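Encoded as structure tokens, the structure appears first; notes follow it.
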Amino acid sequence: MASNVFDVLNNRACRGLALGALALMLGTGVAQASTLEVSNARLSLLPGNTPGAGYFELANSGEETVTLVGAESPAFESVEMHVSSEHEGMAHMHAIESLDIAPGERIEFAPKGHHLMFMRRIEALSEGDKAEVVLEFSDEQRLPVTFDVVSPASL
Amino acid sequence: MYKLLFAGLASFVLAGCSDQSWRTTDIGDIMPPLDFTLTNEEGETVHGEDYRGKATLVYFGYTFCPDVCPITLSRLGDTIRDLDDETRDNIQVLFISVDPSRDTPEVLKRYTDAFGPEFIGLSGEQAEIDAVTNRYRIAYEYGEENENGDYLVTHSSAVFAFDREGQAQFLMRDSHPVSDAEADIKRLASQGG
């Protein structure tokens, strides 16, 4: 439903205003640019200073492929895109530089697959808090997303 | 002839109904009993035999792991919380860190406390860790350090299960249906001893 609202407001002049309004309407865990929609944004975090994992869904309703190239957050010193995999009984994890999302495609960052790895906390965060994150794309587009800080037990 | 057939059939049926048939991978005949020398969350030297008396699940990982390790431990925690109080008292989870330079006893204590009182963090000298990983025929490997000195560790994805006498029972992987893993954990924890 939210995407329909936004399609109507496709005028560039309206975009900033509409984004603000949408942010208010939709609350956290959701962000939207003209053709990109993020939902279910969660940051899995444990007490202490161990790294967190970011999970979300990202849908591209535009007509161009977009390329996610990274993320940053004022709450962490560094954020990397990673993918976990299992091969011959071993759990592997490696960084990825970019991820293409084709027109009409919906990708999922989910446990034991793609995730954002949040390292070295700058702000103290715990379950129930919100964390501001900006997703970065190759066309310089930057998409702000508010992640809900959750326990891995909730996933 | 009939007698022979019957005997064969009976032994087949009995094997199928045996207490030792786990839904996940049975390792009773191929893995040695629980044994190691490691350091606990209080910095004390401990041995495998110290953990006899309860069903024991063992997972090898590291706390700098943001995704696979916390998710695996949380799912074990969910299964354990579903047990009734008495059964829950009969199970423990040993999280053996293969990354002792970052996973000090203090770090491990804070980490395992987040998953529940049944979770115990262990680590040790590299030679001690190698002894236990070799014993269970698993490997681990450190990745290259980045400019911040951070590095990733490739580690075993399996959870090993031992009975309260420390005898190897079954091994769970992500490829096993969650319902099978849960059923085996519940049965193991419910076994009398």
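Here the Cβ of each residue, glycine as well, is placed from N, Cα and C on the backbone.
TrEMBL entries are annotated by machine, without manual review.
Matching B:His155, B:His176 to the Cu cation binding residues that TrEMBL gives (B:Cys65, B:Cys69) identifies B:His155. According to DSSP, B:Cys65 (Cu cation binding site) sits in a coil region rather than a helix or strand. For B:His155 (Cu cation binding site), the same-chain residues 6+ apart in sequence whose C-beta sits under 8 angstroms from its C-beta are B:Phe60, B:Gly61, B:Tyr62, B:Cys65, B:Val98, B:Ile138, B:Tyr140. Each of the binding-site residues B:Cys65, B:Cys69 was scored by other CB atoms within 10 A of its CB, and the lowest score goes to B:Cys65.
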